[in-house]
Structure formats: C-alpha cells, structure tokens
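Asks: Mind having a look at this structure? Questions to follow.
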Amino acid sequence: MVLLLNCIVAVDQNMGIGKNGYLPWPLLTNDFKYFQRMTTSSVKNKQNLVIMGKNTWFSIPEKNRPLKDRINLVLSKKLKEIPHGAHFLARSLNDALKLIEQPEFVNKVDMVWIIGGSSVYKDAMNYSSHLKLFVTRIMQSFETDTFFPEIDLKKYKPLIEYPGVPSNTQEEKGIRYKFEVYEKNY
C-alpha cells in the first residue's frame with residue numbers, strides 16, 4: 001500500500017506552534033473548523049487516522065478526547081499502556097505506519113494525518129513518502145517555545161490551489177491568516 005501522509009499545523013511568522021503545551025493564540029474558530037473538516041473527511045466506511053505525540057494528546061481537553069470520527073493513535077516511547085480514550089499506541093512514527101499496513105487497518109483507514117507535535121512533524125517530513133503539508137500561516141508573531149520544522153522549498157512545492165482549501169486571507173479576533181498546501185513527492 002502506498003502511504004499518503006498529511007501534516008496539518010498552524011504556525012506563526014516564526015514557525016512557532018505552541019507555548020507551554022498549548023496554542024499561543026486565541027482559538028480561531030474557522031481554522032478549528034478547517035482542521036476538523038480536513039481530518040474527518042473520508043471515503044464511505046473508512047475513517048482517517050490522526051497520529052500525535054503524547055504531549056499533543058494530553059493538550060487536548062479530556063472532554064474532547066479522543067478526537068471524534070477519527071482513529072486516534074498516540075506516539076510515545078515512555079507510555080506502557082494506551083492513554084485513556086486513545087485507540088492505539090506506538091513507539092515511533094515508523095512503528096505506527098507499519099501497524100496501519102496490517103490487513104485489518106487497510107480496510108478501515110482512509111487518510112493519515114499527523115497533528116503534532118514538533119518532533120512528530122519532523123519525523124514525518126523526513127519520512128520517505130509522498131507528503132502534503134496543510135499549513136495555517138498566522139500573519140503575526142506570538143510568544144512560543146515549540147516550533148514547526150522549516151519547510152525546504154527544494155523538497156516541497158507550494159500548491160496554488162487545492163480542493164476544499166480557501167485561498168483568500170482570513171481574519172478572526174484581529175488575527176489574519178491564510179491556508180497553504182505544500183507537496184513533497186518521492
């Protein structure tokens with residue numbers, strides 16, 4: 001099975017994605033709806049798989065775990081048991097991708113979405129696979145302590161248009177942002 005990986009992330013002007021385990025900007029409702037739509041839209045009788053690190057999992061409010069209508073897989077080298085509410089646990093992205101190649105997953109999983117954090121994004125971007133990056137580019141700086149890896153434009157081609165991705169600049173709560181899509185081919 002040829003694996004199509006997607007990363008979805010919101011970044012500020014300095015590629016910051018988090019502060020103390022949380023988003024450093026106020027909730028942007030349209031970006032949140034975009035995240036939900038992109039990560040839940042799947043073909044009939046299948047669900048998308050969301051892969052996240054342990055810290056990302058625990059940053060999701062407990063009442064919202066697991067992310068509904070998606071198969072939730074948590075990555076951790078330290079956890080011995082699947083966190084309450086998660087569906088699967090793997091030690092690495094590589095282990096997770098091997099797991100979903102098993103026959104019982106092939107018929108259940110449509111798309112794979114990497115949703116954080118920083119080290120999981122880095123692993124995905126270095127993985128030898130076709131990859132799309134869905135980036136919400138916030139057009140200002142925030143105080144951050146966690147960053148998304150630099151996007152190497154020699155490897156990643158920006159897509160001018162992509163179905164279902166608004167191309168116009170958005171604004172909420174005085175914060176301007178735009179949706180971008182990049183594609184890496186292997």
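A Cβ is built for glycine as well, from the same backbone N, Cα and C atoms used for every other residue.
Copied straight from Swiss-Prot:
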| type | residues | note |
| --- | --- | --- |
| BINDING | Ala10, 16-22, 54-56, 76-78, 116-123 | NADP(+) binding site |
| BINDING | Asp31, Phe32, Lys33, Tyr34, Phe35, Gln36, Arg70 | substrate binding site |
| DOMAIN | 4-184 | domain 'DHFR' |
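Looking at the shown structure, can you explain where the listed features end up?
Replies: The local packing around Lys77 (NADP(+) binding site), expressed as other Cβ atoms within 10 Å of its Cβ over all shown chains, amounts to 9. Lys77 (NADP(+) binding site) carries neither a helix nor a strand DSSP state and counts as coil.
All protein chains considered, the CB of Asp31 (substrate binding site) has 19 other CB atoms within 10 Å. When secondary structure is read from DSSP and collapsed to three states, Asp31 (substrate binding site) falls in the helix class.
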Asks: Taking only the binding-site residues Gly18, Gly21, Lys77, Gly117, Asp123, which one has a CA atom nearest to the CA atom of Asp31 (substrate binding site)?
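Replies: So, spelling it out, the nearest of the binding-site residues is Gly18.
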Asks: Including all protein chains displayed, how many Cβ atoms other than that of Arg70 (substrate binding site) lie within 10 Å of its Cβ?
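Replies: By my count, 21.
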Asks: Between the Cα atoms of Asn55 (NADP(+) binding site) and Phe35 (substrate binding site), what distance do you get, rounded to the nearest Å?
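Replies: About 18 Å separate the Cα atoms of these two residues.
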